[in-house]
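As written in TrEMBL, here are the features:
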BINDING   C53, C56, H57, M90  heme c binding site
DOMAIN    40-110  domain 'Cytochrome c'
SIGNAL    1-22  signal peptide
Amino acid sequence: MNVRLSVSLFLLLLLAACGSQPELDSSITDQEPAETDLEYDVNAAEETYIASCIRCHGGDLSGQSGPSLIDNGFTPDEIQEILRNGQGTMPPINLQDEEAENLAKWLSTQ
């Protein structure tokens, strides 16, 4: 009985740990957008990033299991291509066209 209880408790803790998402680093959200012709919705881009990217690229965009997204050198079009098709070990991300465009513009300014 103790073994079953221990295994159940372990699985419960494991599931609880997997369900938590890291938060977006506030130093990223407090930054002014870089001077650019790009228009995008910062709040929507951050929400998309939190929902789709933060687990691998981190709350401060510096990378975790995925690479850093800071000063990545990609254009918004290149970022959209990566989002749609994936790259390396990153799978394609299922986003609406507007979400992908907005996120790509935001990421290109980080």
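A Cβ is built for glycine as well, from the same backbone N, Cα and C atoms used for every other residue.
A quick note: this is a predicted structure, and the numbers were derived from the prediction, not measured.
The heme c site is set by C53, C56, H57, M90; from the centre of their CB atoms, other residues of the chain with a CB within 8 Å are S52, I54, R55, S65, G66, P67, L69. Secondary structure at C53 (heme c binding site), taken from DSSP and collapsed to helix, strand or coil, is coil. C56 (heme c binding site) counts 14 other C-beta atoms within 10 Å of its own C-beta, drawing on all protein chains shown. Among the residues C53, C56, H57, M90 said to bind heme c, no two Cα atoms are farther apart than 11 Å. Neighbour list (M90 (heme c binding site), Cβ cut-off 8 Å, at least 6 residues apart, same chain): C56, G66, I82. Here the domain 'Cytochrome c' (40-110) has, by DSSP, the following mix of helix, strand and coil residues: 36 helix, 2 strand, 33 coil.
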